[in-house]
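*Asks:* Have a look at this one.
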């Protein structure tokens, strides 16, 4: 029977509707204007959404475990997440459905299983023998709270301590409770009426499995005999207990207490401890007890054959060490090493050579789980150096403020970045290899290079190799190195927009082919970087200062006497070119003492040594104007072929030629409209005209005379007489407004900076991103007033390309497309010098084209298709080393520039069209060029808004991918905008997701799922099918090490380890059944059926088909064997029956 496919039905419906709409459009247009039919290859079956991998440090860690045979590390978190680490490149992420905090983890050593205890009193058994671990069993305690668990090595019985002081025993194979229970009132002294507190420790004697050591929080320790069901010894101490550890010989144990002391006890001497140690306490001269210290939260005792044992502990510092960082103390013989940590210690484990507790442990390393880091300390080398961590756990080293994802990069890019990044690695690491090396890598078919770039709050930019679902840091760039550090708070307040993180990265623009990098920072600064493998010494850092503010000047100000610069109407049929002009850049203050012409950050004026990697090409800063700080940059684009960078904010747009170090364009948003402004807006402030900006700043000029009325304001001098008192009142009012405006501007900037920092905090959407008042609700109302539109119109999208700009154009030309938050798209044409020799000698002419397109909602992304529907990538300059000794002359360098145009338009016929794909918060449009008619239109969402939209390549075609605020991920075919995928994935819960979600080619996407973790996902069916093969394996068959030899005399005199038949002791036959109301067993999806259900897509179907086929084949084989046996038996029976018949056929009845 043929399988019914609902997707093909939907494709037929959508294709039918799209064809109907196309027919309607064709009826509306004459035959000569019909759009050529483009064959689209993408269908619904090419898309499927699934998570792939999660990278980064586990957010809010709470538990730690290690399998010493499999060499696998497990970390649990407060959000119920489970992260497993093997060799570098082998990682796994799991999530408990309840989301409760993980309080403890226990490996079934070398069994491929893990037990997790959660704060909701549930135990889970995880199966690690599959690439995606799943829960086999769960056990929910109903009447008691779980506080501690202990699973002896090579045992299937799990001891579970509770808050009431009782201990229950669970069979880990069936996850059922045993009837054997250790009650707290039987464990303590019968004469004692006080409750000993929750169970904080359980462990069996290394030499006698029948003796169980139980530690209660109040300070009581009990050695329980499992066979006789009574307490052998009871040890009491005045201070509360936090942890207990055995000596491997089973004759002594050590306890850590809340007063910072360690007590060592002999098993057979319960009266008092053999020794009391206060590691960090001051020893008093008169022999009195040392002063109490902070609690020792955990202690471990590990022995060696060749020397003194190691005592390792966390906490216990003296109370007078105020401000001291958390420490891990390693005591070995007479030496004590205090190792300071950067963050609070959550847990630690000592890695030993043997898994057997009754043998010399021979510790070789300590794993320290910190609040925001994972540290591995080498115990075998002097000074206890740390191992170099190969996992990508430093994503959050500084809070992530933005990120970009690039798939299918040039193949030589990752080796180039790795080579320059390898020089940045610090020294002093342990010389040994990383000891956590379990598991095996996956065998994925995905081979194209992938790079992730993250921008951080401290101004750093990190490049990551993300190929084949792994992550490895390649290179780190510190953008703050070009700026002077503010020495005192007063200087910082004079210029900074924000009080903290003035170097935070907001936008990243990167050209992988040319390796040019451009970043925009929170202090309204832009830095352009060029990649070089040579070290250079920059004598003077090139810089430009730009005044990006549109205001009209008063006549009575000194600056007002100069003729103001004029703007060209955008809608003019003959737009005038914009010649470059040069103006001196001087920092000054206005006549009323307001800060003016001063950037927020100060560039270093001393020579700067730039290491191989990304080196500063140009620094651009927006300056203060009339006491008001510059607005933060909202959009950024760079083109290496043109040598241009453009950026915009809520005031306007500026274009810079970074080859000539000149400003080509400086327009306000209103000036982009010219006479075509549909809102008839006037400049927002009638006080100041725009002053000449930094070196190389250009203003638009036109040949007509400017009316004088345009230069005047209501408060300027005019023919009407004004009373001096009225003027004074007006001036006072203006000063108050300016003061309040400055305060408000800085307050808003601080709020934006704090919002960027909140990417590192688990904030909820409701207090910080209100549904009705947030930065993403710019265009959700169709009835926005002109004042509201004016206050909200910001440059939101920029794109360089060679397109058919005007309706009369017959050949494409370089241009810049500009999108704003009110849904308007402008086109600015670029007239480049004819050859590379003239590039530095002649200016780039910039002029508005007059083309204006409108959409509903803020424009997010723009791209272009050729007549065949292929994506037209912007032109670029191939990378070439610039810092070569024989090429010091700038003109010689420029002659060797070979810009490459990857646009297919050069090979097109003149009559062929292009398509402009424009995506806004609400809708997407495909405009036919040069006619500028709407070929296709799709309303993406009515009730929500698009957060991120990207035009991406997939399966030799292109599509539009969108992520909406309501959690839907959608894809549309191009150019017809036919819906292909619409899946509810993730609701917008905080600004972190909104700021970091991005799509990449080949069906890849990512976002910052927590302040420390990146979640990658795919919307490609092919990747989903191959994902199972790409994932690494956690469990590998390894032989368990041999048990330690007991020795002749120990075996003869009974000095060796005593075994215990736990099955006989805890089984149902001897201990009975546990109460059903005590705990509830919940079967998990991770068994044989769970393994079948865990697989997804075609791989899962094939796996199930193979499994069913194997089972059917096995059954058929068994049936065949049974049938053959029955046939053989039948033949034998027939033969014997025939012989009997021949024997007795001639005999009479009386002869028998």
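The backbone N, Cα and C atoms fix where each Cβ goes, glycine too.
Residues or ranges marked as region 'Disordered' by Swiss-Prot: 14-35, 555-596, 675-731, 883-907. The annotation repeat 'WD 1' is assigned in Swiss-Prot to 62-95. The repeat 'WD 3' annotation in Swiss-Prot covers 146-182. What Swiss-Prot lists as repeat 'WD 4' is 201-235. Under the heading repeat 'WD 5', Swiss-Prot lists 241-273. Residues or ranges marked as repeat 'WD 7' by Swiss-Prot: 345-379. Under the heading repeat 'WD 10', Swiss-Prot lists 634-696. Look at Swiss-Prot and you will find 998-1021 tagged as repeat 'WD 14'.
I'd like these features described in context: how deep, what's nearby, how far apart.
*Replies:* DSSP labels the residues of the repeat 'WD 1' (62-95) in these numbers: 0 helix, 22 strand, 12 coil.
Break the repeat 'WD 3' (146-182) down by DSSP state and the numbers are 0 helix, 23 strand, 14 coil.
Across the repeat 'WD 4' (201-235), mean pLDDT in this model comes to 95.
Tertiary proximity for the repeat 'WD 5' (241-273) is limited to same-chain residues at least six positions away from its ends with a CB under 8 Å from its CB atoms, namely 200-201, 203, 205-208, 211, 213, 215-221, 223, 233-235, 279-281, 292-301, 303, 309, 311, 313, 315-318, 357-361, 1057.
DSSP states for the repeat 'WD 14' (998-1021), grouped as helix (H, G, I), strand (E, B) and coil, give 4 helix, 18 strand, 2 coil.
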*Asks:* Going along the chain, which residues at least six beyond the ends of the repeat 'WD 14' (998-1021) come within the CB cut-off of under 8 Å?
*Replies:* 45-59, 79, 372, 393, 395-396, 399-400, 403-408, 448, 450, 452, 466, 469, 471, 759-762, 948, 950, 952-955, 961, 963, 969, 971, 981, 983, 985-986, 992, 1027, 1097
*Asks:* Can you count helix, strand and coil residues in the repeat 'WD 4' (201-235) using DSSP?
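*Replies:* So the repeat 'WD 4' (201-235) is made up of 0 helix, 26 strand, 9 coil.
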*Asks:* Can you name the far-off residues of the same chain, 6+ from the ends of the repeat 'WD 7' (345-379), with a Cβ under 8 Å from a Cβ of it?
*Replies:* 57, 60-66, 68-69, 73, 75, 109-110, 153, 206-207, 246, 248-250, 297-298, 300, 302-305, 310, 312, 314-315, 326, 328, 330, 339, 385-387, 389, 391, 393, 396, 430, 432, 434-436, 1012, 1040-1041, 1043-1044, 1057
*Asks:* Between the repeat 'WD 3' (146-182) and the repeat 'WD 1' (62-95), are there at least three Cβ pairs closer than 8 Å, leaving out pairs fewer than 6 positions apart?
*Replies:* no
*Asks:* Same-chain Cβ contacts of the repeat 'WD 4' (201-235) under 8 Å, 6 or more residues past its ends?
*Replies:* 148-150, 152, 159, 161, 165, 167, 182, 184, 186-189, 194-195, 241, 243-244, 246-251, 253, 255, 257, 265, 267-268, 270, 273, 357-358, 1056-1060, 1062, 1065
*Asks:* Per DSSP, what is the residue tally for the repeat 'WD 7' (345-379) in helix, strand and coil?
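*Replies:* Going by DSSP assignments, the repeat 'WD 7' (345-379) contains 0 helix, 21 strand, 14 coil.
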*Asks:* How many of the residues that make up the repeat 'WD 5' (241-273) does DSSP mark as helix, as strand and as coil?
*Replies:* 0 helix, 17 strand, 16 coil
